[in-house]
Structures are given as C-alpha cells and as structure tokens.
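Here is the structure we will look at, set down as structure tokens.
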C-alpha cells in the first residue's frame, strides 16, 4: 500500500531576488531520495508483523541438467503485501540424494544420473523442487549473442554459451564456474568470465567458450567508434548583455576519444529574443534572461544553460588625475564606472583600490574610507581602481615632507657649574617624521649664565659658567624651539684609585685608596666615603666596613676588578691579581708511630699555605730518617714516605720542600709480631669417637715461622661435633658433621675444617649370655655393635649368625627372623655373629632336656578399644627353676572368640583382636600344662585419625570450597565428623574457614597466599596445605545486549570478564569472537578491530566471545534495509521562498514518517523565474537540500 507525503523545502538560494512567488518552468534533476551516501535509510526490523513472509519458493534455471553440469537455483520469500525478496544466501538448502547432486552456493551440480528433491528451509518455512540429472554427454558448444553486426570500438556485447548434448537437449552453460571464455585476439577483443566482450581495437576476432574439453566460437568484428555524447561548453556561463561568446561542441565517442565538432553540428537557441547562435558557435546576446543552447549531430544532442546578465562594466576613470601631495598628507580618490551601455556611475565604494608602490602610498578599501590615500615616502606611484577584472588608474606624486615644528632636548636640563651639556634639535615634518637638525639650526642662550656653541664641531654644546637659569633656543627659518637650562654648584666628576693593578698571594690583604676629582677640578681623599666593589668576590673581597674601607683580601687565585663608586660616579677599575697561596709550614702524620720489625709505616706530609689551606705534598717533599739502620724511608716516586723497619729501636722522620722543613716525628721499631697461624692437618676427616692431634704454626712480621701449638688457645666452632683440648690441641670427635678447629694467639687465629664421619664398628656383643636351651624350644639372640664413639646399635638383622654345630642348635639368617636359635638335639654349640669383618666372641650353649613346670602369660590384665590388637606373651618355668619365653610353643585360647579371638598362626601367636564390646578370658596350654587366665576387656572403638576431603591444594581467589572431616576409628570404621571438629586456618588473611552451624567447613579464598586448613577433635587433628591462586575468569558478558543493526553497518561489541573474586576486566581485545551465522553477520578478530560486528544480511546471529573455556554471547538482529527511492509527483510554489514537493513512498511504517530519513536532490538545474519579472537574480545550484516538514 502506498502513502503520499508532502515535503516542504526553502528555495531562497534559488530565487534570492524574487519579490513575488517563483514560477517553475521545469523539474529537471529534482528527485527524492533517502539519506546516507545516497543509498538506504530507514529499515524494517525482522519480526515486524507488517510485512511478513507467507511462503518461500525454490526455483531452477533448468529443471533437468546433464551430469557434470550445474544450474542456478533461487529461493524467493513471498511477503503478505505482495512483495518478494531473494533469500537464497540466507536459506538452508539440501538435496535428499547427495549422490546425485551437490549444492555449490546458489548452484546445483549433477554428479550422477538420476533425480533428487532439493529442499529449502528458511525460518521454519519450506519449499522443495525435483531436479533431474541426465546421463547426456556434451557434444558441442554454440556461442551466440542477442546482438549482431559490427561492434563499435569501446562498446560491449554479451555472449552466451549453449551446450548441445548427446540426447539432443540444449542447456545454457554460460555461467558454469568451470567454463572458460577467451578471445582469439585479445589486442582486438577482450572477454571476461561472464562472456561480456569489449571492443578494444579495429579488426575481427573469435569469441570462444570451452567446457568439458569442448569449444564453441563466434566471430565478432570491431568497427570505428561511434558518437555517444556531445558536450557543449562555454568559457563563461554568465554573459553580459551585448557581449559575444564562442561556444564549443565536443564529441565523445564510444571508445572514450573526443574531438571538436563545433563546425559540423547544428546549433540552436531555446530563446532567440535573449540570444542567437551562429553556425560557427558564436553567441550574440539580445536581452537578459536564461537560454539553453544545444548542438546536435547523428541524433545526439548536447546543451548548456547560459544566463544573459545586465550590461557589464567595461572601463573605470580615476580622479584627480596626476596630482602631487607632500609626504605625510592624504588625498581622496574617486572611481567612475563606464558600462557597456555607455552609462557611468560613481563606483568608488565598489572598486578595489591599489597602489603600485605601497611603500610610497597606501590607499584604503575600508567601508568608510574607500579611495582615501596616505602618503608614506617621496616618489611616483600609479593609483588603480579595479572590479571584476576591469581597472582604471592615474599617476600620483608624493613630494618631500615639510618642517612644522622643532623640539629641543633634553627638556629642562640641570648641570653643575663648569660642566657642558649637549643640546639636540629634532624637526617634526608633515609626515609626522622626526629628524635630527641640530647642525642646521642656529643656537642661542638668553643670558651669560650659560653659553651654547654654533661652531661646526660643537654645535648645540652648552657650557655652565655661573649658577642660575637661562633659556636655550634653536631656530631654522621661521620655525624655532626652546628649553629651560639650570646651572647648579660643582659636583664630583671622577674617582681615581691606588694602587693600580697590584698583585698578592692568596690569603693576604691589599689596601686601596680613592681620590675624588670635582667639576671645578678640585680633588680630595674619599676612600672612606666611596663604596668599594670587587667584580669577582670569589677571587678577592674588599671591605666597606668602618676603618677597613678599601682593604682587599685574596680568596682564590685569579684576577678581579676593584672599583670605587660615589653616587653615580665610578672609578676606573684596578685589576687585582691573586696568585697561588704560598707554603708556610709542613706537618707530618702520624705525629708518632710504633711498628713491629718487618712492617712498614706510611707517613704523610701536609703543606699549610698562606690562605690557611692545606694540601697533601707527600710526593713533593724530600723524606729523611735519622737512623737508617733502624728504619729506612723511601723517596722513590710512587712510594714516597713509606718506611721499612729493620731492627728494634727509634729513628727521627722529617720532610723538607724548598726552604720549608717539617718538625721531626719519632718512629719506634718493636720486635717482630705474629701475623698469621696455620693449623694442620688441613681439613681432615676423622671417625666419630676418635682423637686427632692438631698443630699450630705461627708466621711473624719479619717472615719467620714458629710452632705455637702450646702458646695458642684452641677452640671448636661446634663442640657438639668435636671438642678440642685448649692446651694441647688434641681433638676428640663427638658427632658427625663439620666444625672449625681454631688456634688463637691474641687477635691472630688460624683454623682447619674437621669433618667428623660416622663412628666405625669395633666389636659385636651377643645377648643373652645363657648357658642352655631346653630341647625343642627357641631363643632369640641379639647382636649389639660397639662403635668408636662407644655408641651401640642393634645389628641383629644385619649380622650373619653362625652355629658351630647346626645339628644341635639351628640359628636363623632369614630376614625378619635373624638370631632365633632352635634347640634341635641334646649337645652343645657355639653361637657367633659377623658384620663387616668384625666377629663377636662365641657363646657356648648346651641343649638340655629339662621338663616344663608352669606357664605364666602377660600382661596380667588388659582393656583396649574395639578394633585394636593386644600381643600376649607366655613364659615357661622349668623344674630347675629356669624361665624361658615359649609364646610360639603354646596353644592360645579365648573364652569368647566373638569378643576377642586370639591368633595361633605362625608369626602371630598370642595376638588378640578386640572384635566387639565385652570381655573374654585369655589362656595358654603346652603339653597339658595350662597357664593362668587373663581377663581381656574390649571397650567402644576410639578415634584414631582424621581425613580431610577434598584434598584440593589450589583455590582461586574469591571462590569457596566445602571441606568435610572423616573420622577413622580403631575398628577401621569411618564416620563424617565435619560438624564435630573445630576448623582453623593458619593464614586467615589468605583463606578463612567457617565454624558456624550452617556453613561449617566452608573455606573462602580471600587473598593470594598459602595456608594450612586444620580439623581438630579431642586432641586429634589433621591438616592440608592450601594455595590461594589468582582469581579465575568465571563468566563473560557482552554489550550491547540483544541489539540490532542494519545490513552493511558495523557496530563495536565489548566483552567484560567477571572473575572469581568479583572483579571485572575489559576482555574485548583478549577474547576470540565468533558469529553463529557468518552469512548474516561477521565479527572481526583483527588486532585493531576486535569485536567489530558488520551486518551482512537480515536475520539473527549469536555473537560469542570466548576466553579459554569461558564464553558469553548475545543475540544480534540484522535489519532488512529499504533501498527503493520515493518518486516525485509534483512541485507547487507556496511563497517567494518555498515550494511544496509531493512524492509517493511505498513503505508503510513509522520510519517512512520520519523526516530525517529523506532528502530532496537537485542533480542538475532547477528552472524558474519571478512572476513579476522584477529584479530577477536566479542562482542555479546543484546540491542536496534539507527538508523542513512532512505533511
């Protein structure tokens, strides 16, 4: 359904001069369009009920194709308003038999003979069509064109390729992707991939199409280019009335060549009352107005619109003519315009004024002073008035400036008697310039108080003769100037200082005096009245203090200017040169020294100078020792002042430089001193428990050595490893490890690292030392090693056990049973043990036949928790009163095996297990002899340990973890005791854990760090190590959310990551972006445009941002755009500046009513004139004009 809208635009630019309404005589170039680069502008949102798609239709170019060929398919959406749209690229298309055809974009290709149903699906709508693939084979190709004849150079012609198959069928294969188009002569004709041929040069070529090894061709001839366009041009589109204008007609040909055809075209004027055109293209104007001039040839017409404007200016007259004015004065110029109709008018204010030499004359173009000229310098210039390329001029002369007044300076001067005053006369001229005319004027004084010279060398020089006032006058011609002159008493004129350019050493002083010379030539000492200055006080200062005026002090070497001032009078400078300070004293350090024989002493000489400064002159002085047998002092360069001590005694050390000598210092040489101690042996290794003697050797300052073992104080850095005898240096090792053995005399020490190794085995002892074993019984023997440190170690399982007569006594060497001897037969045998080449003393054992008298079991009473075990032991007492363990010989019994069964298996005999709560009697029997009975009580199971789950050693910051505590009991049962334990964290600032009823055991990761989580119950605890790592990404949100854009429009999407600790971060440039439907919207992953989404075609697409395993998404709707421009229906004048444009628009929605979606385009010229034909001024424009309203 169409709606009609009225658009109003303002046309003041077109008809600026109309006093009444414009009358429109044409609508050439006036169109309506939509905004944004002249293309599309308002859009239809998907899902909008008006319009909606009612069905889709699938169609083919050919419903039957040969095997190996393809045809174009198209899916069309039919809307409820009767419109349709190609939606092939957005539709899901699939064949029911992919062995017959394949889908290649918008083409279906046959791959085997047969038929297939092609199905299309779009937003829940379906369409299907059958396609048949024949087994026909391509026989030939026919190349054809709808056009025939010679092709003009520069034009195109479309060719088609028709396949002729073995079954006689024909099929258009022009658009086959595999077809190859070519030209037999590309220099004459070129052909593109679609079969479009272009004529390049004159001649004949064949257009070829090749497909499936077949080729067809068609001949085409390229002829001369033909005229396709005429352009009419004029140097001026606005032509003054009465002026002739040459027009040019240029022919544009089909090959884009052009040439002047002005003499061969037919010329025509649309209005001969305004202008006539001759056959040679000469235009003659007759009246003002708009006229269209056209040129035609071979049915081709070209034209140009021209405006005949009112008569134009042809010349300008400038007045006054040839005038002359003194420099500095002004002149008013007038411009008179002479027009093509011989009329004239004052155009002074319209023209542009100019001077040929702006340094001589400037002329104004300001609105209130047009033509006003100002003279600047003497000379001749040309004054020009111009407008629109027309100009007029006149000559003008600037003469020399004229004197108007004289200024005498200085004004009201006052000088002391006897002095002179130079006067200056400045002339003021007509150009406001000033010039020194002192030497041109005549000078005069009104009284004898002062005189003023008119001599050539001293003109204007006044001299004060007496105290008083007078008038000084300067006269040139009839112009004069004067000033008042006052003479005061004599004043100080100069100062002389003494001495002149003196010199003194740094640190000394110099007295300066100042003598004042006055204007009456008198003089006096003014040293205490002047102010003294030093140009560089860092070199010398000069005092202004009372009684010290003029005293200069040399502070640093260099030169400074000394000056005295009084008021504004300053003396000439006297340059004071401060030389380097002079040496006055030498001091030696140290002032006294004592050195052991063999050592050296370095003496230093310090010079004291006139400026109280001091300097190291050690290397400049000459050194002397009074007794070189005791000590020598060197004067060798690089080691000056260093003494060598030779023998005990004293010597005097002194230094001299020039005439300056130092005082003497005493160097005392004492006997040689110990300087180092060497401890031997060096870094030995000694077994723990052994003793090692150490020795100390001393080295002295005179390089002699001596055994100082008995003199040194001995120490061990680690007495727990080794102890040392403080007198003898004998070291006793105590424990394995390292220690420093140090020998010290006074502050001198030496050391050696002692490495104490493990103690060495020295002997083996066997226990018990029994004499007999009852036949049939066993006895466990124990081997104990005795080491160098007197320590002992159980070696039972390490030694090799030996029985001298295994037939009598067998002894085990099996791992875990070593040392168990079994009495096998009556007799005797020696038992020994060997380990690492060390053998024990033999133990003689006799196997006896004594009888068992009684059995005693232990412990005497026992009570343990359910699930635990208790080992019982049986001791046999024999008839001779001896006792022996017989645990492994007896048979064990429990009165209640369901409460506490007892084991009789080898290796586990006598081991009772607490099976259930209750009590049982435990007893043992051997050869009908029964033991005592022990009451064995089993209590409830007790907690043995706690296990914490999960064993998660890493939690990201901000996350929580629920922990549970499992109690493992003595009977191996497991219970959840999470709510009973007390939870704690060793670092609660990093991770906290709750003991609240509802959240007990829940840990919260607060800060990056480490902590131990502990669960405690009844003094039993368990802990696990937890590390809080950096927060991890938990989710990604995308913005904008569920937005929409137009096709071809781009929009930036942003990704924000939320981390486990609740913090957020912009991940736009870090995530990987994707679109679920790239045919509708694509998203960039380029470094500078990440997340930039561009609409491709209408529809919905899911935009996803992924980082690692975390992703977020949002739905993007791509809107369908309307690109059909409205149609202008009519244009009506509404006022002198407004027209009403009526256009039709076929879109019926709210966007069509939005004024901002439209524009009016004037692509060439808008034609019209004023209804009253008065004051007409039509300015044709080519532009876009904004709209003012929709009605």
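Indices start at 1 and increase along the chain as displayed.
Cβ coordinates are placed from backbone N, Cα and C, and glycine is handled just like the others.
From a predicted model like this one, the values you see are computed outputs, not experimental measurements.
Per TrEMBL, the features are as follows:
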- 52-132: domain 'BIG2' (DOMAIN)
- 137-221: domain 'BIG2' (DOMAIN)
- 226-307: domain 'BIG2' (DOMAIN)
- 312-397: domain 'BIG2' (DOMAIN)
- 402-486: domain 'BIG2' (DOMAIN)
- 491-576: domain 'BIG2' (DOMAIN)
- 582-667: domain 'BIG2' (DOMAIN)
- 673-755: domain 'BIG2' (DOMAIN)
- 760-845: domain 'BIG2' (DOMAIN)
- 851-936: domain 'BIG2' (DOMAIN)
- 942-1027: domain 'BIG2' (DOMAIN)
- 1032-1117: domain 'BIG2' (DOMAIN)
Structural state census, the domain 'BIG2' (312-397) (DSSP three-state): 0 helix, 51 strand, 35 coil
Touch test for the domain 'BIG2' (52-132) and the domain 'BIG2' (312-397), at least 3 Cβ pairs under 8 Å: no
When counting Cβ pairs under 8 Å to the domain 'BIG2' (582-667), the leader among 137-221, 312-397, 402-486, 491-576, 673-755: 491-576
Secondary structure content of the domain 'BIG2' (1032-1117), with strand meaning DSSP E or B: 0 helix, 50 strand, 36 coil
Averaged pLDDT, computed only over the residues in the domain 'BIG2' (942-1027): 91
